[in-house]
């Protein structure tokens, strides 16, 4: 179990998914802790998908982008998909202008869409 | 001449700027980003531009921390032109310098293991003007500016 201080986000379990609202300023240390916390929770819960809600995140720079992609790649190796939802328009604009590509991450329009996507992965993985 | 310029910028009076953030620890990256955001909001930039400016400052501060270990982010309002005020961001360090500036401005190029290699080229895209002076063994200065759009 992680010590309480190392947990930077609340993680909720819904239908075999992990729902993660990110409501903190992602500095370099925090984004590293977020990665560790997510991987531990994925291992512990055997979640099929993790949904990151970044509605409250005001700045996503290249390092945060890199770490999110890296986390998603790690999760994928553990059999878990990563869906990102809620990217704010100014953040989307900035990322697009910088040419950031979030590899390994599936982007959803909103939380509802994220849940639909997470469900579709589950079906695909089951071979339905 | 060039060295003088770096010295003037690094050791120059802090009162020439509205914000001076010394970058020595990782946390300082977020501090610089946050302060830039506040100043940009004060100047009346749109939310999109505030985000661009904060992101650019984040990239510049991280480069200082990664490659030079320490340096300064200096930010000031540019209010001479009433119709289009602006913000100037200077990142200065006495780090190892950049041997090939064109190469580091190539998207995807990086010497850092965990990086997308789009930091500096990203800053150039996000800001209106971008100038970089660097000399190996002496340091690097990046000067960038963003003007507020007139409506």
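Just so you know, glycine gets a Cβ as well, placed from its N, Cα and C.
Quick look at what TrEMBL annotates:
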type   : residues : note
DOMAIN : B:48-150 : domain 'Histidine kinase/HSP90-like ATPase'
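Within the domain 'Histidine kinase/HSP90-like ATPase' (B:48-150), the DSSP-based counts of helix, strand and coil residues read 33 helix, 32 strand, 38 coil. In the predicted model, the domain 'Histidine kinase/HSP90-like ATPase' (B:48-150) has a mean pLDDT of 94.
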